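Structure first, then comments.
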Amino acid sequence: MPTLDDILEQIGEFDFFQKRTLFFLCLLSATFVPIYVGIFFLGFTPEHHCRSPGMAELSQQCGWSLEEQLNHTVPEWGSHGASFSSRCRRYKVDWNTTGISCTDPLGSIVGNQSTVPLGPCQHGWVYDTPGTSIVTEYNLVCEDSWKLDFFQSCVNAGFFIGSMSIGYIADRFGRKLCLLITVLINAASGVLMAFAPSYSWTVVFRLIQGLVSKGSWLTGYVLIAEFVGSSYRRAVGIIYQLAFSVGLLVLTALAYVLRQWRWLQFTVTLPNFFFLLYYWCLPESPRWLIAQKQNDKAIEVIKHIAKGNKKKLPCSFQNLSSEDEDGEKLKPSFLDLVRTPQIRKHTFILMYSWFTSSVLYQGLIMHLGIASGNMYLDFLYSALVEFPAAFILMLTLDRIGRRYPWAAANVMAGGACLITALVPDTVYWLKMTAACLGRMGITMSYEIICVVNPELYPTFLRNLGVLVCSSMCDLGGIITPFLVYRLAELWHELPLVVFAVISLIDGGLVLLLPEMKGKPLPETIEDAENLHR
């Protein structure tokens, strides 16, 4: 009996129905952006300093600019700029005192004292920004700055837990049902977050979004791959990820227009309610139905696909078989990932590569948020480089192979991070160019690992292998906020040096993996063990 791939060759492997479905699911991919990298705008930390009672009136009286005001109120500002610690202290003086000199205000208050006592901020902070973020609303600075790290870590913790549980639900109850449920929960929690009354509730709703959003994105990825013929899976996978890059541009434009974080959160969440209409637009995956022995339903879906492609299903293709119908069904276990030497090597290298890709991708975005310059233009420039990255992969993966472009992408990302760290801020064009090349390199690495990971495991172990290895991506996302924001307190460019080291190591490790260009997917453990030969 024919398999589904045989039938797709007759009714269209990538025709009108599949192209329409890809368009629908690409919209879903683009809306995952605000959850994955939305912290850049929602959690933006503007320039800030302690609020000093009376200083605003004195500044107006003396005609001081903001810089002059900061020179007088923020310790160490005039010598080398406000460090993280200096912005959390203030001079313990009364600015409401009469007779303060506009040329030497501190001297006129403290007299002949050699030092001015310092104290903590007791009256809040002043933020130099026209908009709001969760940082400015909940004062997540100074001793509470860790709460911003915790906020983003909760999202990634949700990714970590949700990708496993949602993956099981999708395999157990179907792709379509899983997609619709996760979309509904994501939409509801996103709107509730926009109206959250406190920091705690904001974290709770963001965690819920994390629990379902990545699982929803992965389900969409799997669904489109299961609708097309085998020769088109790599192309639709790259296009699906390219839609994520388009979402980055849309998010930048929305964030520029909507400077209030609650309005931004509400706006980027609304499209998720539109995706509930997919109940009538998308059928269940025929491959999943066949795997569940629901061949009658699978035939109905196949006829729907044929009708969408304006083709007829031949009478000889009315019966279906699965590829593993005649073989013994093997049950995967976690031990299979480390039991044999080659698969064990693949597992550990892939886990490190997922971890590296996540840390660099999210870390570079977060580091942009604490760098000087126009954050909207910086984010836009770094997002635009993802498009040539995808184009380069389409040209090279099936011509050169996987390993060398992968290693080159990691080396480019690591080297660019190192250059960005060492180039002074005065050479802005070179610093920004290096940062964009780093973003391009890690984007290529991210997309290559999505292709390579499934290719290195036998069929019965493939889903589990991808699941376990990619979980390191979420683990990396959990620690990245602490890595970026806390190391930057020691030296602003220190996170970039750390990124460079781990990326260069990854560039060497991926060369130890077998080349998969032109090779069939392994079916058994023995096949996977012999890939390096």
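Each Cβ is built from the backbone N, Cα and C atoms, and glycine gets one as well.
Feature annotations, courtesy of TrEMBL:
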DOMAIN    100-518  domain 'Major facilitator superfamily (MFS) profile'
TRANSMEM  21-44  transmembrane segment
TRANSMEM  150-170  transmembrane segment
TRANSMEM  177-197  transmembrane segment
TRANSMEM  203-224  transmembrane segment
TRANSMEM  236-257  transmembrane segment
TRANSMEM  263-282  transmembrane segment
TRANSMEM  349-373  transmembrane segment
TRANSMEM  379-397  transmembrane segment
TRANSMEM  404-423  transmembrane segment
TRANSMEM  464-488  transmembrane segment
TRANSMEM  494-513  transmembrane segment
The transmembrane segment (203-224) in contact with the transmembrane segment (21-44), cutoff 8 A, at least 3 CB pairs, sep 6+: yes
Seg_contact(the transmembrane segment (464-488), the transmembrane segment (379-397)) with at least 3 CB pairs under 8 angstroms, min sep 6: no
Annotated stretches the transmembrane segment (379-397) and the transmembrane segment (236-257) touching (3 or more Cβ pairs under 8 Å): yes
Contacting positions for the transmembrane segment (349-373) when only residues 6+ beyond its ends and CB under 8 Å are counted: 36-37, 39-40, 43-45, 152, 379, 382, 410, 413, 417, 425, 428, 432, 435, 438-439, 442-443, 445-446, 449, 452-453, 456, 465, 468-477, 479-481, 483-485, 488, 492, 495-496, 499, 502-503, 505-506, 509-510, 512-513
Candidate ranges 21-44, 150-170, 177-197, 263-282, 494-513 - greatest C-beta contact count to the transmembrane segment (236-257) (under 8 angstroms): 21-44
Local confidence of the domain 'Major facilitator superfamily (MFS) profile' (100-518) - pLDDT mean: 86
